[in-house]
Amino acid sequence: MADDKDVLRDVWFGRIPTCFTLYQDEITEREAEPFYLLLPRVSYLTLVTDKVKKHFLKVMKAEDVEEMWFDFEGTPLKWHYPIGLLFDLHASNTALPWSITVHFKNFPERDLLHCPSNSVIEAHFMSSIKEADALKHKSQVINDMQKKDHKQLWMGLQNDKFDQFWAMNRKLMEYPTEEGGFRYIPFRIYLVNELMGIPRIHDSDEIPSKR
C-alpha cells in the first residue's frame with residue numbers, strides 16, 4: 001500500500017465544487033443566498049453539510065424547520081451513498097458547480113432513510129466495512145481491531161483526516177499472500193434507481209473475455 005500512497009491521497013482529497021440553494025417553497029424571513037462548498041467525494045452528504053444547515057437556518061424560523069434533505073433536479077439524494085457516487089450517478093454530465101437543492105419540509109419517506117444524527121452514519125459506515133472484511137478476511141481483521149481502532153477509522157472519515165483514517169484502514173487492505181490473497185474481492189454495483197447486491201469475486205478467478 002505504501003507505493004500507492006500518492007494515488008490514495010489523490011482519491012481522498014478529490015473534491016466537487018457545489019452550490020446549495022434553498023427550495024423555493026421553503027418559508028424564510030428574508031432571501032436565502034446560495035452556499036458554496038467543496039464536497040469530499042469519499043464522505044457523506046449529511047456528514048459534511050453542517051455549515052449548509054447553519055447558513056439557511058439564519059433566514060428561517062425554528063417552527064418551519066424539519067429534517068434537512070437534498071435533491072438534484074428533483075431526485076432525492078441518498079445520504080448513505082458516498083458523495084462521489086451520488087455525483088457520478090446523477091450529475092457527471094452537468095456543468096460545475098454541482099447544484100443541489102436544500103429542503104427542510106416534506107421529507108420523502110419512500111425515497112430516503114432518516115438520518116437524525118452522525119451516529120446513524122457511523123453505524124452504516126461500519127456495517128459496510130464489516131461486510132467487506134467478511135468477504136476478504138472472514139472478518140478476522142475487523143474482529144481483531146479494538147473498539148478504539150474502529151473509532152479512529154470513523155473519526156478519520158468524519159474529520160477528513162487522511163493519515164488518521166489510513167493508519168487503520170491499511171489493516172483492512174493488507175493482502176495476505178501466505179493465504180493466497182483475499183478470499184473474495186467485495187464490490188457493489190450501483191444503478192441510478194436501484195442497488196444490486198454485493199457480488200463476490202475470488203481474486204484468482206479468471207474474467208472471461210468478451211466474444
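Positions of Cβ are set from backbone N, Cα and C atoms, glycine also.
Keep in mind that what you see is a predicted model, and the values were worked out from it rather than measured.
What TrEMBL says about this one:
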- 11-104: domain 'Autophagy protein ATG5 UblA' (DOMAIN)
- 120-174: domain 'Autophagy protein ATG5 alpha-helical bundle region' (DOMAIN)
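When pLDDT is averaged over the domain 'Autophagy protein ATG5 UblA' (11-104), the result is 95. The residues of the domain 'Autophagy protein ATG5 UblA' (11-104), classed with DSSP into helix (H, G, I), strand (E, B) and coil, number 24 helix, 26 strand, 44 coil.
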